[in-house]
Amino acid sequence: MKFFALFIYRPVATILLSVAITLCGILGFRMLPVAPLPQVDFPVIMVSASLPGASPETMASSVATPLERSLGRIAGVSEMTSSSSLGSTRIILQFDFDRDINGAARDVQAAINAAQSLLPSGMPSRPTYRKANPSDAPIMILTLTSDTYSQGELYDFASTQLAPTISQIDGVGDVDVGGSSLPAVRVGLNPQALFNQGVSLDDVRTAISNANVRKPQGALEDGTHRWQIQTNDELKTAAEYQPLIIHYNNGGAVRLGDVATVTDSVQDVRNAGMTNAKPAILLMIRKLPEANIIQTVDSIRARLPELQSTIPAAIDLQIAQDRSPTIRASLEEVEQTLIISVALVILVVFLFLRSGRATIIPAVAVPVSLIGTFAAMYLCGFSLNNLSLMALTIATGFVVDDAIVVLENIARHLEAGMKPLQAALQGTREVGFTVLSMSLSLVAVFLPLLLMGGLPGRLLREFAVTLSVAIGISLLVSLTLTPMMCGWMLKASKPREQKRLRGFGRMLVALQQGYGKSLKWVLNHTRLVGAVLLGTIALNIWLYISIPKTFFPEQDTGVLMGGIQADQSISFQAMRGKLQDFMKIIRDDPAVDNVTGFTGGSRVNSGMMFITLKPRGERSETAQQIIDRLRKKLAKEPGANLFLMAVQDIRVGGRQANASYQYTLLSDDLAALREWEPKIRKKLATLPELADVNSDQEDNGAEMNLIYDRDTMARLGIDVQAANSLLNNAFGQRQISTIYQPMNQYKVVMEVDPRYTQDISALEKMFVINNEGKAIPLSYFAKWQPANAPLSVNHQGLSAASTISFNLPTGKSLSDASAAIDRAMTQLGVPSTVRGSFAGTAQVFQETMNSQVILIIAAIATVYIVLGILYESYVHPLTILSTLPSAGVGALLALELFNAPFSLIALIGIMLLIGIVKKNAIMMVDFALEAQRHGNLTPQEAIFQACLLRFRPIMMTTLAALFGALPLVLSGGDGSELRQPLGITIVGGLVMSQLLTLYTTPVVYLFFDRLRLRFSRKPKQAVTE
């Protein structure tokens, strides 16, 4: 009592305390960063290595495997995957959540250094690493276009001037420049001219390499002067290389221009980028795992004017894609929802209390509690994101509950004629323990969430802490500010005020009277109610088992990402045509705003596209509906497939896949993997629960297999190294020299001119100069035959791996898909040498599924323990917890009704319901126990009186929580797919629990009371327990 009196009789101190809480919250709000979701990115590091011309199998065995063995020893690596393709290897290291990325980067560098001696000596550079996840969608894409400059020159500007500057911006993890390659001098050899002049490809390579050198020449010096020696030892342009003498034939000079076409071109001609049908260079910017996307994008935008000033006016620099507008729009929608929820909750209070003065009290208490929470969020390092703002929206109903319970009880004493200050003190004393019980037991629900590990635990932690802090501040405000305001602001109702909203008052009285009559009947038919309660428990189990489940609601972020997978033997020219065709189909869709894409590099038969949709207000379809519409049009394109998926704020794993979910096959037997992967993929493609089934295993690339006759080679004076060098010189885009410029270094690239490599007969024109100086055709000592070869070799850990990716058709859930895949694997009878498991997001979903029931049970157990401690009873907590089955049934039925799967967001709703619906029972049980202890009433009389007496606050708190969640259900616009499942779960659970618990709780209370009396050794003390 002294605690309450301290604040009631010291209004100035109480007001200043509330002002201090509010001011701290305002300061915290201004400093909070903005993000789509809590920081849940795994620390990921990508290691890249290249060996131009090497086959995927060579890259896997000679580059990937040594690196994997060294990198696999690093502490904290949760997953290591690699992909080796023509001339390149990429290894993705995913670390545990608690691993510091900078420390991990140092360990990665040390591991690369340790493996260096095991790597091939011909690698042009050491392996490098980046602190970014290549599977993440870029947070921003910049494009460079020009009608004047070539693609190589644009790429040079992008990679030399723009990319390094952008990489230095806080939060930027990686800037990937695509669409072309650096400028280079290309030497296209004419094999017939070489043969006629008796010049080998090695002769050309050696001559060029020796003619372009950069070595120190020293200096001359006398007694008074010093002269630096400078020579014209470097050749920089094609015009300078063309007259280079490479050989003498019968005394005549053979110049490079006589046997080759020399051009100023690019390092790799098999690269193409486009934006809206126009050739472009793309700068794909990805953030660091721990970076804030909004802050990073804002920092990049702030630097754009400076960047534009560094490039010529004839180059157009544009933002082709920006992830931040939809994130900002989504957060604005949540903020509007929060404001609406506060307004609706205050309206509920006004309708019930029918007093403007009384309504002002919760209208002050709610903002103080919510605003004060921002200070704690800032101190905890949280952000303003969809989940934390949804927590505050839901908290609106919770924080007003405490104020309502105190306010309603004080108002009841005022209506009985008690003086305001006395009513405030007496009313607060009566319900102080009730409010404490409700708040502590509600916070207890979230304790298991705080202890939950992995991605779900990290994702839900901000939600749980934010809500718990809001409840804690609300508890403080409801026991300090609320009774003080009641004591000093409220007064006995006047007749004129009692007439306000008389219709609603009469309706409430009628409801209470009707409830009293129905409750009498129920208390005389307790077995029927008990059967209903048991039925709801059984129905809960059945609904939970049968309801479709997924990990996280499918978001509409306004951005689509597409992966092109073409025939494995397709040429680059044909692949570029496919990219253009797909981009035209996409660009013609009315919901599409911008399209960028690129193809080429080490995987000629693949490409990527990034599609920006129009804002939600300018289109009627969701991202998934647009994908479904485009899928039908894209299927008509022969020889290639474009797989589209909506970019999500949460993506797990480092695999670059063409669909949202992955299933990985592992085996130590590569032959078994290659045998079973096509069978499994074809089977999964027939399942109606899956869409866009594709695989990263590509074993049917066209290959020309050359078989050396070693005996003939020995007789002719030719070794294998010379023969392999011939092939690399002719067909490997071999980088044979370096041109040094002030801003960058460029390569001289040699190959047989593409005009002479249009078919297999090109091999017949190749020759080697033997040790006697004679030109020996390749056909003299080698035979060739067409064969199939892999376009890529993939590993997970140290095992061969193949990843099957898939999307979900409309109306299907991830639980449907995972169950269908498990059935298919069983039906196929896959041998034990081939192991299958879900990867990425699908893997996290499986882990979350296994822990959901345990999490719910842990929350219930925690609440039971807290209530048991508070009530010093084993029985009363069970009475209070008997309200939960009806809430569960209501929530699951509502999800089924709205065709929404059970996701992590719905799980949050279930956890919240555990805290919400027990409040009704707490209010009933508290007053019933008080009536038994001090009113000398029988248990049935006590619980009956408690139900009637608490009917109004129960209705008020339930309607406040319901109206607080209702805007989430009705909200549209950006981010609504996250908000609606939470609102649906809470509203459905509240409606059902309100209908049932008003009757089941009294029955359970009496049941446990009789049970306790039956087993008690001291029946006389049963009432005083």
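First residue shown is number 1, and so on along the chain.
Backbone N, Cα and C define each Cβ position, glycine as well.
Membrane topology of R323 relative to T622, as recorded in Swiss-Prot: opposite sides.
Long-range neighbours of the transmembrane segment (7-29) within the same chain, counting only residues 6 or more positions beyond its ends whose Cβ lies under 8 Å from a Cβ of the stretch, are 364, 367-368, 370-379, 384, 421, 424-425, 428, 473, 477, 479-481, 483-484, 487-488.
If you look at the transmembrane segment (853-875) against the transmembrane segment (948-970), you find fewer than three C-beta pairs under 8 angstroms, all six or more positions apart, and that falls short of contact. Helix, strand and coil residue tallies for the topological domain 'Cytoplasmic' (354-359), in that order: 4 helix, 0 strand, 2 coil [DSSP]. Taken as a whole, the topological domain 'Periplasmic' (30-335) shows an average pLDDT of 90 in this prediction. A contact between the transmembrane segment (895-917) and the transmembrane segment (985-1007) is present, since 3 or more of their C-beta pairs, 6 or more residues apart, lie under 8 Å. Contact counts against the transmembrane segment (948-970), taken as Cβ pairs under 8 Å, peak for 336-353 among the stretches 336-353, 360-379, 431-453, 985-1007.
The transmembrane segment (360-379) makes contact with the transmembrane segment (336-353): 3 or more of their CB pairs lie within 8 A, with pairs spaced 6 or more apart in sequence. Across the topological domain 'Periplasmic' (971-984), DSSP assigns 9 helix, 0 strand, 5 coil.
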